[in-house]
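Q: So TrEMBL lists the following for this protein:
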- B:1-25: signal peptide (SIGNAL)
- B:50-221: domain 'Cytochrome c' (DOMAIN)
- B:Cys63, B:Cys66, B:His67, B:Met187: heme c binding site (BINDING)
- B:231-249: transmembrane segment (TRANSMEM)
Amino acid sequence: MTDAGSGDVTGGKGEGAAAWLDARLPVVSGFRQEYIDYPTPRNLNGLWNFGAILTVVLLVMLATGIFLAVNYTPTAAGAFASVEAIERQLPSGWLLRSIHVTGASLFLAALYVHLFRGLYYGSYKRPREVLWLTGLLLLVMVMFTAFAGYVLPWGQMSYWGADVAGKAVDAIPGIGPWLEHFLQGGDAPGDVSLHRFFVLHFVLAFAVLGVVVLHVAALHVTGSNNPLGIEPKEPRDTLTFHPYYTSKDAVGLILFALLFAVLVFFLPNLMFEAENFRPANPLHTPADIEPEWYFLPFYGMLQSVPSKFGGLLAAVGSILVLFLVPWLDTSPIRSARFRPVYRVGMVALVASFVLLGLVGRHHAEGGWMIVGRVALAYYFAHFLVLLPLSKRLERGVILPRSISSGLDAGA
Amino acid sequence: MRAVILASVAAGAILMAAAPGSARAQERRHEVAAPQAWSFAGPLGRFDMAAVQRGYAVYAQVCSACHSLNGMTYGDLTSIGLTDEQVRQIAAGQSVPGGVDAQGAAVMRPATAADHFRQPFASVEAAAAANNGAPPPDQSRLALVYPGGPDRIYALLTGYRPAPPGFVPTNAGAFYNPYAANFEIGMPPPLRDGQVEYADGTTATTAQEARDVTTFLAWAAQPHLAERHRLGVQVTLYLLFLAILAFILKRKVWSDVH
């Protein structure tokens, strides 16, 4: 007598260890289904490479970060010296650290490309809202991780950057001063805050990996959006992920690695702020406190608003408003390619974001203050006014019947 | 999408060009140092190790009396071409704090290659007290963090001259130097002809000493520069080759799609 329920569950899909395992935990067939046969729109352009690029950069950051962490001392007295020892005495430590620092900048750069790509092609729309939300959660987590990481070397910019962040918290009415003291573990950044930043940096980095898994899982439920913004309808609209997109992602990844290598090996001074090679000195404020470039747009918002708390609200709100985008944009059309008003709006949005970065760089002084206010006003108007209205402004749009016919028509 | 990228790049470029003077321009006044031809400049630069070794002699015989080199250990000197034995001897000639003895009194011991460079002063406060209130800056990363970099360090070291009539330093006892911030510096002229004895027989003029010690400081600030450049060429060439192969592969894979 055989036990039909618990016996041979291999289902006749071959024999051997792989089949045995697959019958119990479908890693082999799962991988085949999600990364080989996975149907992908045939018209993805180069901007769709950045998802794969971000995944690889994240893994590089975790790998280099672990080796840096085991050589790092998270105390105010020892942090700077331990980073110097990594750079000077640890074999290849300079390379590890340079990759990690450059990787942080390029991670944020790729993230911004990925984000604006999603906005431009309407990748946040039904049914991809959860994909969008997990992506934004990643953006926020990566920002916190990057900021915490920047504090760790405990140079002048690290210290005074942490100080500016503390002052921003301080600007919250009522509980601000108490909250700043509580989070910092003192009246100024010190041992306690440095230790907290270290733990935060480390824990968040792995939490990011976890949310990336959710983000990719959500992607594989709905499938990729594409430059035409219409769902695949016929078999010839899609290609298998492998070999088509594996080969295309490989080209994108290698080109990105080239940029990475040029920065690490030939232009490290673009990545390292010289002032941060001076050890933290609470008694000496640097002449020019400036965050890393990837925070400059938010620094610009912070400074464009006359009230400190107002600036904080604007900077935080500029991220929060992104979470509402799937519901603020009521247009059924996804891709900006078919949305004349939205397309112009997107150009203005990207320009505002870049401008706000320049405003941050110039401390919103003189004419930059006006530029900052105009750009900030447009940033919010884009999401809160243009998006809800655009459906009415964009009438009579005729979408292609399918991806293939859209491509045949040369769209 | 292309329009978006073009527009934002153009907006950035126009604004960069039209940008009003940055906040950095408000820095304190000094003359601009003339650019020098350094062996380590440029994307493929590497150090003239003979100059670095001579520069170390200048540091050891002159600068180290007041300036620390906190990031470095004596063992790091093997990378400028000194042998382990030479480094051991240099280290053994320096005494560093060696904890306390059985009575609790502080003791000194000869340094080893693993020790960090000896600190010239017991504390920052002691350094300030001995130097008219301004502690001499640490030289580990000076060539990177000093605005103007190696060119200005060289200009500063060779730029001492009699103060113009009517010049009154804001800090009593400061020296006139056109390349120092506000034309004044607390450091007395550190170099003069023949001050250093070079092992390789090079004539020790002030300019030679200044050039050598600047090269040494540039090396100390970026000791892996040459290795970085060499590795960079290899990695870049490898990736370029790989990119071509990957591009050909992609073309071949996609040839049946269009």
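Just so you know, glycine gets a Cβ as well, placed from its N, Cα and C.
Not measured: the values here are computed from a predicted model.
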Q: Beyond the listed site residues B:Cys63, B:Cys66, B:His67, B:Met187, identify every same-chain residue whose Cβ lies within 8 Å of the center of their Cβ atoms for the heme c site.
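A: So the additional residues around the site are B:Val62, B:Ser64, B:Ala65, B:Pro120, B:Pro136, B:Gln139, B:Pro190.
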Q: Sequence-remote contacts (6 or more beyond its ends) of the transmembrane segment (B:231-249), Cβ cut-off under 8 Å?
A: 43-44
Q: Roughly where does the domain 'Cytochrome c' (B:50-221) sit in mean pLDDT, to the nearest integer?
A: 95
Q: For heme c, with binders B:Cys63, B:Cys66, B:His67, B:Met187, what's the maximum Cα separation in whole Å?
A: 11
Q: For B:Cys63 (heme c binding site), name the DSSP secondary structure in the helix/strand/coil scheme.
A: helix
Q: Restricting to the chain of B:Cys66 (heme c binding site) and a gap of 6 or more, list residues whose Cβ falls under 8 Å of its Cβ, or answer none.
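A: When sequence neighbours closer than 6 are ignored, B:Cys66 (heme c binding site) has B:Pro120, B:Phe121, B:Ala127, B:Ala130, B:Asn131, B:Pro136, B:Met187 within Cβ distance under 8 Å.
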